[in-house]
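Below is one structure, written out as structure tokens, with a few remarks after it.
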Amino acid sequence: MQDFIGSVRRSLVFKQSGDFDTGAAGVGSGFGGFVEKLGSSIRKSSIGIFSKAHVPALPSISKAELPAKARKDDTPPIRWRKGEMIGCGAFGRVYMGMNVDSGELLAIKEVSIAMNGASRERAQAHVRELEEEVNLLKNLSHPNIVRYLGTAREAGSLNILLEFVPGGSISSLLGKFGSFPESVIRMYTKQLLLGLEYLHKNGIMHRDIKGANILVDNKGCIKLADFGASKKVVELATMTGAKSMKGTPYWMAPEVILQTGHSFSADIWSVGCTIIEMATGKPPWSQQYQEVAALFHIGTTKSHPPIPEHLSAESKDFLLKCLQKEPHLRHSASNLLQHPFVTAEHQEARPFLRSSFMGNPENMAAQRMDVRTSIIPDMRASCNGLKDVCGVSAVRCSTVYPENSLGKESLWKLGNSDDDMCQMDNDDFMFGASVKCSSDLHSPANYKSFNPMCEPDNDWPCKFDESPELTKSQANLHYDQATIKPTNNPIMSYKEDLAFTFPSGQSAAEDDDELTESKIRAFLDEKAMDLKKLQTPLYEGFYNSLNVSSTPSPVGTGNKENVPSNINLPPKSRSPKRMLSRRLSTAIEGACAPSPVTHSKRISNIGGLNGEAIQEAQLPRHNEWKDLLGSQREAVNSSFSERQRRWKEELDEELQRKREIMRQAVNLSPPKDPILNRCRSKSRFASPGR
């Protein structure tokens, strides 16, 4: 009996559970079923004499054989801290967070979880599925998608940790800056297709591409957000009653609305709608239909959304390939990346914004470039348009191409550069050369809603060419151009054949003559009005005193050297006639002369020339202005004397009338009350009209 109990005890303590299935003979074999039942009943009882049976361990698996998601699960959870709310969507709120271990900024998307008993279990199941999907999405990495970092549960909510993008979404940028120019749309579309191609190759549909789900950083790099797990978030939020379709139907493909089954081509439709949103600033169909009406219209119509008319032919063709009604007719993201709208092949043959060259004055006329200008018609180009810069030792501009400009500076600021004007040295002033400017004027339709900072034109022609009016021998300039050409100046003779022309519809010389004449005419009118205002008695007296004081003595009429030195002549700058002529000559020269350097150098060169040539050049102008001033002075003197005579007559009549009134008042007043009579006479004198 004692041996039997000992054998049973040894079987219970030392026998492994795997040995019961071997069918071995002996005591263990005979009592295998009994011992197993006895051991299980003892373990379930409250006695707790025997320990729990040992469960065999699984065979060890090397770390290299683990799948990627299993290896990722070994990473420690992120310790984070929630900050301020930075966004609120249809299915949750987004907060800014920080990784307290590394200091990295995070975006935390908070999704509510149902807490009532009826849907609690279903909500927990959705939460587990969402966590598993986020663990899979953590392995995705691309420059144009937002990285998933993990999940964290809280009471009543699930937090999804995402990469933080500081710039904001495309929809927020549209609200701040308005619709984008086509160059920006092209750059964003290319990055959008690259990120979408990566997702499609990994078998992930986005399902909700729109401007609000495309984030932009401070360097213009876009990142797709809310992909993959968005469907699970919608299902989880639907259970809590937070589901909303506001804003979403405008980007939905027809097959998604009809629920006939959709694939990756539904994302391509949404890409086309997003391009229309960037080009117009508003979603497609939003001007015609509300959300519910848009759902019905998109599901039943056979037409695509309206394409903006201001887009180029390449962009319109790109949109037609995205917005095909039949899903199988839409191009894939990989094919669309080869489209000319994305590759910008149509712009490689010509400069993007402006062209230029480097050259010396000798060979500058042999080079050309075309830059078409769009200017308001009443703003005619003049010499001042070149900012009065007229040296020609080196002309410097730059050529900007799209591939060189992307990512380096904002495309909206390329036009704001000093390279657009020709810079020349002051020491190389040209006698005998002219700068002629005119503009190719366009109709108002050509520059409607044109912003040179945001919508740079691609074809601005500008031609620097040798003027056909000038020859190498000599340049015959008219008097109205106010340019004095010395006959014996060897300093700048090698530059006589150089000129700049900006051709227009009519002749450049005619344009220049008309412009100069109009400026001189306007200036003369203005000065004539100023002269009339200055013709006062004080001015006449001052002018007469100057004439008397400036009369030379008879001794100095024969020889200039015999003029006495003690005569008090007024300074030349104080003489009205000379001051006016100096103003007029300066203004006329400023209308055609390129820079202030012109005046100083012209005077220095005139000093070494023959005096007779200078007198011949200045004599017609002096005679003309002398006659004009004489006629105006006579007219002003006659009008002033006439006006003075009338004033004197009116004053005499008024005084005579007042004396008559006072005489009548004295004769009619009774001598009884002298004080009252005195008051009445004073009141009548104060108001003689009574």
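Every residue gets a Cβ built from N, Cα and C, even glycine.
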Candidate annotated in Swiss-Prot as phosphoserine, out of SER467, SER575 = SER575
Key: Candidate ranges 641-665, 666-690 [criterion: Swiss-Prot lists as region 'Disordered']   = 666-690
Long-range Cβ environment of VAL94 (ATP binding site), under 8 Å and at least 6 residues apart = MET85, ILE86, GLY87, CYS88, ALA107, ILE108, LYS109, GLU110
Request  = Work through the binding-site residues one by one (ILE86, CYS88) and point out the residue whose CB has the fewest other CB atoms within 10 angstroms.
outcome  = CYS88
Ask   = Just the number: how many Å between the Cα atoms of GLY92 (ATP binding site) and ASP208 (active site, proton acceptor)?
value = 15
Request  = Count the other Cβ atoms sitting within 10 Å of the Cβ of GLY92 (ATP binding site), across every protein chain shown.
outcome  = 22
Ask   = What three-state class does DSSP give CYS88 (ATP binding site)?
value = strand
